[in-house]
Structure formats: C-alpha cells, structure tokens
Amino acid sequence: MLRQIIGQAKKHPSLIPLFVFIGTGATGATLYLLRLALFNPDVCWDRNNPEPWNKLGPNDQYKFYSVNVDYSKLKKERPDF
C-alpha cells in the first residue's frame, strides 16, 4: 500500500499535498478518538466503577477547549456521594 502511494507520488507530484492532508487528517482523527476513549468521563472501561463521572470535582476540566472559564477557581456546589 505504501509502495503504491510512493509510486503514484513519483509519477504525479501534484498528488503529494493530497496525501499529506489525508494523512494528517487521519492521524488527527485517530488521536482525537484516543483522547475521547481515555480521558472522557462518559466512557467507562472499568466495570467495578460504573459511574466514573462522580469522581470528578467541579474544578476538573474535561472539555476539549474552554474559552473563559478558570476551573481552578470554581467553588464546590454539590454534595459528596
């Protein structure tokens, strides 16, 4: 497969940017799915802990990007379970 891509790139050099962008997009999508699978509190890999989101405090940031919220200064407004 890689040999075909290199062969096509040698024959048609205008395809090189296309291969670069497709490879970058596939790598980014894979890394994003890996991030969601490992760090998202909605995903549960441990059957002994069926509700992992209860361990998160109000100052834990699990969003991908937050604009103006400083999570370290938030007060705790919910009870412990």
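Every residue, even glycine, has its Cβ placed from backbone N, Cα and C.
Values in this document were obtained by computation on a predicted structure and should not be read as measured data.
Screening Ser14, Ser66 against Swiss-Prot annotations picks out Ser66 (annotated as phosphoserine). A 10 Å cutoff on Cβ-Cβ distances gives Lys10 (N6-acetyllysine) a total of 10 other Cβ atoms nearby, all chains included.
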